[in-house]
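Take a look at the structure set out below.
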Amino acid sequence: MTPDSRHRRLLANRYQLVELVGSGAMGQVYRAEDKLLGGVTVAVKFLSQALLNPRMKERFEREATISALLGEKSIHIVRVRDYGLDEKEIPFYVMEYLQGENISDVIKYRPLKVERFLKIARQICFGLDCAHKGIIYQGEACPVVHRDIKPSNVLLVEDPALGELVKILDFGIAKLVQAAEESKTQAFMGTLAYCSPEQMEGKELDSRSDIYSLGVMMYEMLTGEMPLFPDNSSFGGWYEAHHHTKPHPFSARYKIPASLEALVMNCLAKSPKGRPQSVDVIIRAIDAIEAEIKAPPISDTEKTQIAPHLLNTDMEATVVAQRGPGIVPETRLPLVSELCKQLEWPSDKPKQKIVFPYVLNAAEGKLASLWVMLNQEDILTRMSSIRYNQFLLMTSPHPMVLWITVLYHREYGPRWLPCYLDLKTRSGQSFAQMLGESGTYWLLFFALENPTRCQHMLTATVAPNQCKLLKEWAQTSQSMPGGKPQVTKRLLKQELDRLKPKIEAKLSQVKPSFNKEVSGL
């Protein structure tokens, strides 16, 4: 039966077909009226007659089932209302009729602005997160991998509450991840430009494959361009690009925040282990980036606002309101952030969870920084944490400063980043002096899974009274006797262990109304 012959048919004694609105490899979609419900507009999708074999019929029915179950769980997935066979035994299913534009059309002439992108990307992630968390299928909890995330499969419709509502379409090649299923090579399915490397290999897939496709799409949404270009459009050309070609860096003309650039590039990691391990991690990162953009500039009053009762009397503290994670005045940020994006993990440092101080030679001069290597997921989680720092001096048997940095998250607890400055060395003295004079330092994060480049950046502010002490310590330590630095280091570590419960207890009381920094004595 041709598409024209279906025009104005009454299907299943209920759905009046009105017009053909779309067609693809899997079939045709019609606008129709549901006569049983007073003529409400619906969409009806038929399986293509060229695909009428038992295997494709089963897949089409599964697509309808997956969409129906997911649509009940998330407003960001198209809802399926009915399924059946017409008089010719051709399968069809009925879904909500949506009027809007797909993202492919929206970005055809210009990319999305960052603010709009973040709102849309968050909703896409909500829909994907729902799919990845799974459905109950044949009595078993099964995660769903979409396998065809791309701009044309994401629709934007007007919504009175949200302004723009995202709907993920086309679960036609979605994969149910079932526990009893053996891992085996699968036939390739997907759209070449958006496929993950493992998808092109026909490997068993999980949610991280969709995250790669999402990364390709997010790059395209922000730039209007693809992150990768093959030598030719064949399967082999795209296979080579997805496996071995580095994504193009973002052009400065798009004015993409460094934290957003890093997030997209993380999603585009060649290895699944190098990507965010769940969509929930991406959602938290988007929230942190949005807070960074929306928060107001820091006033001089906020920079010096004292909260003497935040910590106990021997740890007097300053609370500094931040515009977002790691934002410093506009005159400094672009220069330093450009530098940080170029930094590589030193070849003489082990690729493991460590912390060490480092002097940045930026256009603004020499800047203090703390280099940190953590799991990638932990890094993304910590972008919206409360930042705390404190400096402890021990003069005997060897003058040394314990530089304490803590990233505290109400849900995930503290991440302790201790570092030691030997005040009998020239580098230790100059670093303490630098911290005291500048009153700020940079936190540079490198991921264990992908340690080549700096992934994220934050800044930390040192309280004025701590700055004064650091400068004094740098001067007076020169005349102090030295010896047995390892003993001093061990004693400082014991003191940190004693202070940890007090610091954590007080940080847990800080209201999470805005991102805060805490610097204490």
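Yeah, the Cβs are placed from backbone N, Cα and C, and that goes for glycine too.
According to Swiss-Prot:
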- 15-289: domain 'Protein kinase' (DOMAIN)
- VAL21, GLY22, SER23, GLY24, ALA25, MET26, GLY27, GLN28, VAL29, LYS45: ATP binding site (BINDING)
- ASP148: active site, proton acceptor (ACT_SITE)
**OP:** Please give the average pLDDT for the domain 'Protein kinase' (15-289) in this predicted model.
**Re:** 88
Original post:
At the Cα level, what's the spacing in Å between SER23 (ATP binding site) and ASP148 (active site, proton acceptor), rounded?
Top reply: 17
**OP:** Work out how many Å separate VAL21 (ATP binding site) and ASP148 (active site, proton acceptor) at their Cα atoms, rounded off.
**Re:** 21
Subject >> Fewest-neighbour residue among binding-site residues, criterion Cβ within 10 Å, set VAL21, VAL29 >> reply: VAL21
